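Annotation source Swiss-Prot lists domain 'ABC transporter' at 2-241. Swiss-Prot lists G38, Y39, S40, G41, A42, G43, K44, S45 with the feature ATP binding site.
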Amino acid sequence: MISLDGIRKVFKAKRGSVTAVDGVNLKINEGEIFGVIGYSGAGKSTLIRMLNMLERPTEGSVIVAGKDLSKLSDRDLRIERQKIGMIFQHFNLLWSRTVRKNIAFPLEIAGVPKKEREKRVDELINLVGLEGREEAYPSQLSGGQKQRVGIARALANNPKVLLCDEATSALDPKTTDSILDLLVDINEKLGLTIVLITHEMHVIRKICHRVAVMEAGKVVEEGPVLDVFRKPKEHITKEFVKQVTEPEETVQHLLNEVKSGRIVQLTFVGESAEKPLITNLIRTFAVDVNILQGKISKTQEGSYGTLFIHLDGPKDEIEKAITYMHEQQLELEVIAGA
């Protein structure tokens, strides 16, 4: 659906130049939700703006639905841009227009007849859950409602791709989740390809199928969300994963608290996160099992979790319990107790 080949973006400055995106290659599949995560200055905003040519790449090609956008004439590019919707962190609504007229705006520009335009606006209002707020102005809306207007407006021309530029960064956690749920619903109902950028791993975990991690203009890691959570390779990726998996207290604190037995860190992925592991350990082996800390989260591809447990008892029984856990295909690390 989307292919980025050797994308590079250099901005000229008074003292030299700044490379914002440096040699990025990405393939984004049709119908998937693809996330790009990175800290401020990583180049992710520049990258997403090149997907619809709001920024033109210095080098490389941007191919969307088989067409190289970087080689199109201005007229042809305007036509192709209608197939790519975009929503923004600060909504970018027209404050003098009602909800209905904001959503209708791109249809007016496209020359859609009034009756057809009104029908499409009604469909979109229902899709994003803004029934009863059609005649309200942006100043009368909550942050979440404003973003719903932005989403509806971005979908007005039936795009094939939706770009989300930090779309939930200005929202509180509860509203963020409601907008993320809406994006998943739209993805499933419309088969829409969604590309989002964020600095929050919670957003990636909750709705993305695959993720790319950016640092200093480069993609340093990429893959299915579950794989990246399970085995992050780069230091920056590990930092992001810790946002949603790291227990509140440190491992060092656990080491100081426990004087005997073994402390084991378990990583659950997919179906293994649903198994009654602790119950089976207690029933099968002569060991005491104490849960120290843990968390299980849901991703679009299945469950993911981390768990710290303390095993105490006869040494041979502890060894049997650890062997059993290995046999359950769990990621396991003994972090204390030789």
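Every residue, even glycine, has its Cβ placed from backbone N, Cα and C.
These figures come from a predicted structure and were not determined experimentally.
The ATP site, placed at the center of the C-beta atoms of G38, Y39, S40, G41, A42, G43, K44, S45, has further neighbours from the same chain whose C-beta lies within 8 angstroms: H199, M214.
Sequence-distant neighbours of A42 (ATP binding site) (same chain, 6+ apart, CB under 8 A from its CB) are M214, E215, A216, G217. In sequence order, V36, I37, G38, I197, M214 are the residues of the chain that are 6 or more apart from K44 (ATP binding site) and have a CB within less than 8 Å of its CB. Taken as a whole, the domain 'ABC transporter' (2-241) shows an average pLDDT of 95 in this prediction.
Taking the Cβ of Y39 (ATP binding site) as centre and 10 Å as the limit, one finds 13 other Cβ atoms among all the protein chains shown.
In this view, the densest Cβ surroundings among the binding-site residues G38, G41 belong to G38, judged by other Cβ atoms lying within 10 Å.
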